[in-house]
Number of protein chains: 2
Amino acid sequence: MTDYRTFTTDDAMRFADEHSGLFGDHSKLSCEEFGDGNLNLVFRVINDKGTSLIVKQALPYARCVGESWPLTIERARIEAEVLLKHRKLCPDHTVEVLHYDAALAAILMEDLKDYRILRTELVAGKQFLHLAPQLATYLANTLYYTSDFALTGPNKKQQVGQFLNPELCLITEDLFFTDPYCNHERNNIHSEIRNDALQLWHDEALQAEVAQLKAGFLSQPQALLHGDVHTGSIFINDENCKLIDAEFGFYGPIGFDVGSLTGNLLLNYLGHFGLTQDTETRQRHQDYLLSQVQTLWQEFEKQFKQLMSNECREPTLQNSLYQQRFIQQVFRDTLGYAGCELIRRTVGLAHVADLDSISDGTLRGQSERKALKLGRELILQRNELAGIDQVLTLVRYLQN
Amino acid sequence: MTDYRTFTTDDAMRFADEHSGLFGDHSKLSCEEFGDGNLNLVFRVINDKGTSLIVKQALPYARCVGESWPLTIERARIEAEVLLKHRKLCPDHTVEVLHYDAALAAILMEDLKDYRILRTELVAGKQFLHLAPQLATYLANTLYYTSDFALTGPNKKQQVGQFLNPELCLITEDLFFTDPYCNHERNNIHSEIRNDALQLWHDEALQAEVAQLKAGFLSQPQALLHGDVHTGSIFINDENCKLIDAEFGFYGPIGFDVGSLTGNLLLNYLGHFGLTQDTETRQRHQDYLLSQVQTLWQEFEKQFKQLMSNECREPTLQNSLYQQRFIQQVFRDTLGYAGCELIRRTVGLAHVADLDSISDGTLRGQSERKALKLGRELILQRNELAGIDQVLTLVRYLQN
């Protein structure tokens with residue numbers, strides 16, 4: 001154990017060399033830092049044969065959220081431990097962690113250099129048919145095997161304690177559930193939709209539902225979530241996709257992870273009303289996105305149901321009527337959290353390129369308004385929508 | 001810090017003397033051990049003026065549950081810390097802890113020698129009008145102030161971690177939710193109701209609801225529960241009542257504590273069909289019990305609502321529509337957990353004197369059958385019963 005110090009490129013090279021057998025000839029390594037520098041340092045260490053690894057180090061502060069905001073480097077432990085656990089449960093779609101050093105808050109991990117960030121690709125109108133099936137597999141496996149269906153009470157409680165993650169959860173509690181529904185200084189509201197945002201702040205029916213969703217986020221440790229499954233945390237190439245950035249991981253409601261991803265696919269869908277002018281191209285991409293939303297839920301549900309019926313270790317929870325109701329509740333939660341994601345990415349602090357990169361202000365306003373409208377309806381109607389097909393019908397209906 | 005050793009009466013005297021200013025003249029102390037010796041040693045230390053204190057020491061095993069079952073002495077920490085916290089929140093109705101020693105797993109606490117065990121009194125047909133209002137106050141205050149309404153996310157998470165209590169929760173998970181619904185060797189079934197018990201094991205509709213209630217127990221840390229609010233954990237006299245024995249404390253669903261107590265009042269109600277032969281005496285006592293069940297919920301609901309509307313520190317949860325729905329859900333949970341308590345106390349391992357002390361086997365069978373029937377209906381109908389008055393109507397209807 002050494003004391004914490006901020007890495008230089010030299011430190012990062014030494015760290016990578018020391019904790020992997022990939023390099024050998026130290027003198028031939030090179031290293032560049034390419035993180036945004038607000039939350040973490042991210043280094044790529046590469047040798048003369050082109051073999052490379054990533055060194056990620058948590059900084060003891062985060063400038064991304066409002067003011068200078070001190071953030072514990074404990075989040076590097078959360079990130080490393082969630083990724084290690086998720087990788088055991090779903091090796092194909094979780095980035096590999098090779099080493100974690102607690103004192104340095106540094107993680108050595110595989111370099112996904114043949115992958116690209118999913119959000120960027122979707123904004124550019126790229127399509128990947130393996131997206132939804134693979135992510136459904138990731139979600140079903142990581143969430144099922146960390147749930148009460150698979151773990152004993154004591155084992156689960158030990159993990160709940162291991163992943164309390166109070167500091168990063170608080171960020172979500174505030175940014176996701178609180179700020180968008182009041183006039184908070186952290187909000188970031190495009191002038192075109194100022195009036196629509198105002199309506200949120202006086203919508204008591206909506207706020208009651210958001211309160212319930214927040215209460216679930218606070219007090220429903222159903223499974224070990226990734227905690228931040230947006231399309232910027234997913235790397236993809238033509239064959240595969242992998243999750244990174246698990247520092248928001250904690251024990252929470254299963255629907256939060258599924259809903260965050262669903263919400264992000266819908267944000268891209270709505271964004272393309274402004275991003276893509278050619279009607280036919282747009283239609284094709286939007287059809288693709290809705291089919292991914294559909295497949296994501298259908299595959300997730302199918303796999304989770306199979307796991308419940310074949311792998312349930314908790315006798316009381318083997319009851320099939322209960323399992324049916326459980327997955328139905330996860331569906332409702334998924335819609336609710338997806339709705340929250342649509343709203344907070346439109347009026348809250350942290351926006352997404354799917355909307356923000358629409359250059360025409362009026363078009364951007366139109367997409368943003370659709371996001372608020374769809375978000376609201378998903379939250380309010382989540383207990384009535386009988387299945388994913390009804391959700392798609394609602395999405396299509398509201399776009400007009 | 002000293003190492004753990006089992007206390008002798010002499011050790012207990014020294015411990016009491018050392019950690020209180022009540023005694024002074026050590027030579028004049030006396031001490032007796034009067035616990036049942038299965039889970040804990042319980043000593044009364046008394047001086048020549050009649051001043052006394054209790055020393056409770058956890059033993060590293062528990063013979064009460066099936067075989068010789070090792071149990072961590074950590075439970076003494078849980079008990080001491082829950083009692084200290086609850087006493088801050090409701091000093092009138094929580095026993096006072098004067099000192100806790102982690103290494104010795106020993107607690108020095110006030111002696112409630114002017115009090116008697118509530119269950120014994122109720123079995124004897126005693127009535128206390130202050131029972132329900134005072135316990136409602138205890139429940140409303142301890143549960144409200146440890147909930148998401150009152151605590152910040154990080155503060156609450158710290159406490160969730162402090163009170164995970166995996167070992168004792170597992171006992172409840174098994175004895176309360178699993179054993180009664182299958183042919184488990186730990187069950188203790190009176191021959192008269194063997195067939196009724198058998199029906200439980202094949203009642204899939206009931207088991208689906210019990211699964212949901214168990215999932216809530218496992219994964220809904222709403223507030224710091226006492227965890228074992230039966231009438232044997234309550235001491236009472238003509239003016240006051242106090243809770244003891246908080247070793248099952250953990251962060252769980254609010255309705256579990258309210259429901260456990262409600263279930264125990266109903267068990268006494270049903271027991272008196274066999275315990276009291278004189279119809280008029282019985283009627284009077286049973287009317288008393290139902291009025292206490294009614295007052296318990298009404299007062300709890302009133303106080304909890306007041307706290308939500310006046311003391312809510314979490315902006316999102318201040319929404320009054322949400323608060324209305326929240327208390328309604330607590331009501332449903334209360335009925336569900338009360339139903340589980342009725343069933344597990346009838347066919348599970350740990351029985352209650354309210355039923356077991358009915359000397360006539362046939363009469364006892366009748367009361368037990370009523371307990372199973374009422375338990376089942378409370379669980380199945382909990383989402384339809386619109387208020388406590390409907391519950392009382394159901395109780396009266398099912399007794400015939």
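Note: Cβ is positioned from N, Cα and C throughout, glycine not excepted.
B:K56 is the only one of B:K56, B:K85, B:K88, B:K126 that TrEMBL places in the ATP site (with B:N40, B:E110, B:D111, B:L112, B:D245, B:A246, B:E247). According to its DSSP assignment, B:R344 (substrate binding site) is helical. For the pair B:N40 (ATP binding site) and B:R344 (substrate binding site), the C-alpha distance works out to 23 angstrom. Residues B:N40, B:K56, B:E110, B:D111, B:L112, B:D245, B:A246, B:E247, recorded as contacting ATP, have a largest CA-CA distance of 18 Å. Across the residues of the domain 'Aminoglycoside phosphotransferase' (B:31-262), the predicted structure has a mean pLDDT of 95. Take the CB of B:E247 (ATP binding site) and look out to 10 A: across all protein chains shown you find 27 other CB atoms. Across the structure, B:E247 (ATP binding site) and B:R344 (substrate binding site) place their CA atoms 19 angstrom apart. The secondary structure of B:D228 (substrate binding site), as reduced to three states from DSSP, is coil rather than helix or strand.
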